[in-house]
Amino acid sequence: MAAAAGPGAALSPRPCDSDPATPGAQSPKDDNEDNSNDGTQPSKRRRMGSGDSSRSCETSSQDLGFSYYPAENLIEYKWPPDETGEYYMLQEQVSEYLGVTSFKRKYPDLERRDLSHKEKLYLRELNVITETQCTLGLTALRSDEVIDLMIKEYPAKHAEYSVILQEKERQRITDHYKEYSQMQQQNTQKVEASKVPEYIKKAAKKAAEFNSNLNRERMEERRAYFDLQTHVIQVPQGKYKVLPTERTKVSSYPVALIPGQFQEYYKRYSPDELRYLPLNTALYEPPLDPELPALDSDGDSDDGEDGRGDEKRKNKGTSDSSSGNVSEGESPPDSQEDSFQGRQKSKDKAATPRKDGPKRSVLSKSVPGYKPKVIPNAICGICLKGKESNKKGKAESLIHCSQCENSGHPSCLDMTMELVSMIKTYPWQCMECKTCIICGQPHHEEEMMFCDMCDRGYHTFCVGLGAIPSGRWICDCCQRAPPTPRKVGRRGKNSKEG
């Protein structure tokens, strides 16, 4: 009977001629197919390719008539079998195990792929598929997606499959233990007594290496750790020198609990600190308040305020010290006046460079009596000619950079005679070596501007400008210089008027 055929019915040459669920009845479509194929012409069967895996799954499920598929036959394998492989299941086996007729149409969102020839041979070696199935188009599904599907929609099937997995894991551990015990029984050869000390040394050496590596890893990589219970990052405590017990022993009266109670601890004052205390008469005035750093952009008003504050503090300190000394009927010693004047001078010196430091650095760039560099065989970097002739064919002396070997004619550099005379009074720099006079840095060339009188370079942010000004700009160094008339005629006119 067809009902008793079992799984062997799936291998019959005509598996789709009869329905195993209704062995005694046939559909009109089957009658028509029998009438058309009554021996005159054999029926044509299309060979299924790799794209017809879902149809083969549907056909096999129909042929089996939702017969029971044991969970032991649902195989999970790894492909590729190396470390980079992932775990997969065959869609045909999953559909038979879950009893789904059209698995691909019911779950189209699952990631699936066709098996390659090498993968089929690998499964054939593992006895997962038969030789007949190697010629069919098989589809692989990701095992994690299949497990999630079974948990959500087929909990009973998943529980049955979990039991099988646990039994397989238990059997694997048992087999591994048996192999290990057999290896121990085979390797029961006795160790020579003379080699035992050598083996002990090797074992101790290996243990020492492991301990050293572990300690080094703890010190370098795992010094701090995050405590999950307190949400605190634990960091090892630093190393401290421990004093001997005699030095840290607590006395009988360490500290006074109420005012006037005896205690053995007392503060030790230095001689300089005692001079400020009014034991009989204070030798020193109260110490001055610490100065706060003033911003450079405050201007001259801060200088005036600082000067007035210093004057007030000075007068106040003098009056305090004089009043205290007069009340006791003593004259201030010479050492007090000297120390007071010394502190006041040091304070003034400390306050002065804070305000005038940049200005002094600018003025220090112009060296009195400076002699420019002399290069005998110098060549202009623009016209490539010497001092004998410039680009106009006239003899003209060259100016030289103080930092490098570059030289040039003033006419080639579009410099006036006044600018050339000013350049020769300080170490002039060419465009490639130009640095800011205030900060001394060559960076931020887009913010660098040059004085029209001396050709010194300045950063806009070093002189307090937001952008490079348009038109003529003169630096602070040239503004402080005495004005010199430029034209001979105007100088003569002024002399006549005078």
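Using N, Cα and C of the backbone, Cβ positions are placed for all residues, glycine too.
According to Swiss-Prot, the protein carries these features:
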type	residues	note
COMPBIAS	318-328	compositional bias 'Polar residues'
CROSSLNK	K241	SUMO2 cross-link
CROSSLNK	K385	SUMO2 cross-link
MOD_RES	A2	N-acetylalanine
MOD_RES	S12	phosphoserine
MOD_RES	S36	phosphoserine
MOD_RES	S50	phosphoserine
MOD_RES	S270	phosphoserine
MOD_RES	S297	phosphoserine
MOD_RES	S301	phosphoserine
MOD_RES	S327	phosphoserine
MOD_RES	S331	phosphoserine
REGION	1-62	region 'Disordered'
REGION	89-185	region 'Essential to induce neural progenitor proliferation'
REGION	285-368	region 'Disordered'
REGION	292-334	region 'Essential to induce neural progenitor proliferation'
ZN_FING	379-436	zinc finger
ZN_FING	438-481	zinc finger
- Item | Sparsest Cβ surroundings (other CB atoms within 10 Å) among the recorded positions S270, K385 | S270
- Query: C-alpha of K385 (SUMO2 cross-link) to C-alpha of K241 (SUMO2 cross-link): distance in Å?
  - Reply: 74
- What are the non-local neighbours of K241 (SUMO2 cross-link), defined as same-chain residues 6+ apart in sequence with CB under 8 A from its CB? none
- Taking all residues of the region 'Essential to induce neural progenitor proliferation' (89-185) together, what is their mean pLDDT? 90
- How many helix, strand and coil residues does the region 'Essential to induce neural progenitor proliferation' (89-185) contain under DSSP? 67 helix, 9 strand, 21 coil
- Item | S270 (phosphoserine) in three-state DSSP notation | coil
- Helix, strand and coil residue totals from DSSP for the zinc finger (438-481) stand at 8 helix, 6 strand, 30 coil
